[in-house]
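**Student:** Handing you this structure, nothing more for now.
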Amino acid sequence: MLYNSLFFKPILYMIRVIEASYDGSLTQKFFNWIIRVAKKINDAYENSWTHKIIDKIVKTLILLLTNSVIFGFFLRIGNLNKWWENSLLFGIVNGILTVPSNFLKNLYRKYETVFEESLFFRLLSLLLERFEIIVAIVLAITLLVPHESWTNIYSTIFAAILLVLLFISTIIKKNSYFNLKALDFSLIIFMLVVALSWFTSINRGESLRFLIINFTCFMFVLIIVSSIRNEKSLGDFIEILLVGVTAIALYGLWQFVTDSVPFDPSLTNVTQNEGMPGRVYSTLYNPNNFAEILVMMLPFYGAVIFNAKTFVKKATFTVLALPVLVVLFCTGSRSGWIAFAVFVLVYTFLKNKRLLPFMLAAGIMAIPFLPQHVYRRILTLFRLSADTSAQYRIKIIKTSWPMLKDFCLTGVGLGSDVFMDVVANYKQYTTKIPVHTHVLYMQIWVEMGIMGILSFVWFLFRTVKGAVTNILEKSNIYFDNVLIAGTASLLGILSMAAVEYIWYYPRVMLFFWVDVAIVLSVLSIIRVRRNKLSED
């Protein structure tokens, strides 16, 4: 249905024409020449001292981390999860979710023939047959709604409706259930710390809104890991999501081409960026928020392309990825460009580390071909002492640092509102009271205290380690490609989070947790299949 739409038909026609005339063409010869050159570069690198030294360092680090008792306790996936699944807390939470569902399921089975006569239930059953598609469409809609028309309560309403539908699905579908086991123990700890941070907040009333935003994201994580069960549901979920991302990318390109976004001096230093066009933001709040979404979603185009079995599908998603890649450079987001470079390096390393020198060389060779405004914007990274944006961030950190020292153990409570109330009592190095610290990790620490930042970092370590461990085992190439994309996406956005508070805009925060949920879904499927094999 997706590929027969009015939007895709002309694209697919062009791709089929290209495919038919590809063999023996100049295009094929050109690509074959590039591959030959790449192989020669790779062979030279494989035999170089540089490769031997890097390979030795990486293997030594992996060995140290694997055999370390301290790191093993915090990062080893299996043992801690088994303890968590057998714990009283897991039993209580799982019981709250499953007992009502099981009771109603037995009731439904008893009167199933009666329910099947109802047109409403037949339609509902059909709708829930591919629940992951509904979830993906809802998430795509959250991207498509313009900022002016968006309110954060929409996400909460969507999450509540989807949770009710998932609950109904667990009643009327045999293999549907709340997949609480997919949530790592460290994530549960972080969730509890978030709730505790609201309870101990200096102003619980102001923190309540942020508690709702956080738990909306957590609800989506549970919904996604409970709806994705195999390769097909995973692939369809990601593909629909990417169509939505391409749609907002095309709108961003339209803003750039029509020059409908004027240059904003409050976002960009005028003297260092003379002649720069307006920074596009599509349906989001500002260009940095737009770049954050693009950085998180771009690696998944690679996963779909590598997993596609036909040339048509590979070409289709390559075409869909192009506007996303191009518009990233129209956002003017330097932190977004650095994050892009990080995820490309991580993606290349995990997919085929032998291509790293080639990717680095290609990146350097691409610099002369960059548009002038992009080139000049990159050069400002080497003149940070004269850059107002960088200096403003430093002033915010200087203002926030004494506050962090005073509240490093307990935090001030959830949300930027409480942060602003408290930071106003400290010496201001900025012209106005800062809204947040501009650094995700510092903001989490200030709001949630030492337990917040430690549980968050612990969860990230365990998630990335679990993904990388499965990638290295190479047991399922389909899942490996998604895990590579997810890991590259997470490390890319987390590098951006060193200079941006990426959770300030709730829609970006939601998609951060969507990214996490995709990785957790894959890890859960792999673990379930391994357990079945061991039982057999």
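Counting begins at 1 with the first residue displayed.
Quick reminder: no glycine exception, Cβ is built from N, Cα and C everywhere.
Sharing the record's features from TrEMBL:
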TRANSMEM  57-75  transmembrane segment
TRANSMEM  87-108  transmembrane segment
TRANSMEM  120-145  transmembrane segment
TRANSMEM  208-225  transmembrane segment
TRANSMEM  237-257  transmembrane segment
TRANSMEM  290-308  transmembrane segment
TRANSMEM  320-349  transmembrane segment
DOMAIN    321-457  domain 'O-antigen ligase-related'
TRANSMEM  355-375  transmembrane segment
TRANSMEM  403-420  transmembrane segment
TRANSMEM  440-461  transmembrane segment
TRANSMEM  482-504  transmembrane segment
TRANSMEM  510-528  transmembrane segment
**Student:** I need to check the long-range neighbours of the transmembrane segment (87-108): which residues 6 or more away from its ends have a CB within less than 8 Å of a CB in the stretch?
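**Tutor:** Contacts of the transmembrane segment (87-108) (Cβ under 8 Å, skipping residues fewer than 6 from its ends): 115, 167, 170-172, 177-178, 180, 188.
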**Student:** Residue list, the transmembrane segment (237-257) vs rest of chain: Cβ under 8 Å, 6 or more residues beyond ends.
**Tutor:** 2, 132-133, 135-137, 139-141, 143-144, 224, 227-228, 277-278, 280-284, 290, 293-294, 297, 300-301, 303-304, 317, 320-321, 323-324, 326-327, 330-331, 482, 514, 518
**Student:** Pull the DSSP breakdown for the domain 'O-antigen ligase-related' (321-457) and write it out as helix, strand, coil residue counts.
**Tutor:** 103 helix, 0 strand, 34 coil
**Student:** State the mean pLDDT for the domain 'O-antigen ligase-related' (321-457).
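**Tutor:** So the average pLDDT across the domain 'O-antigen ligase-related' (321-457) works out to 86.
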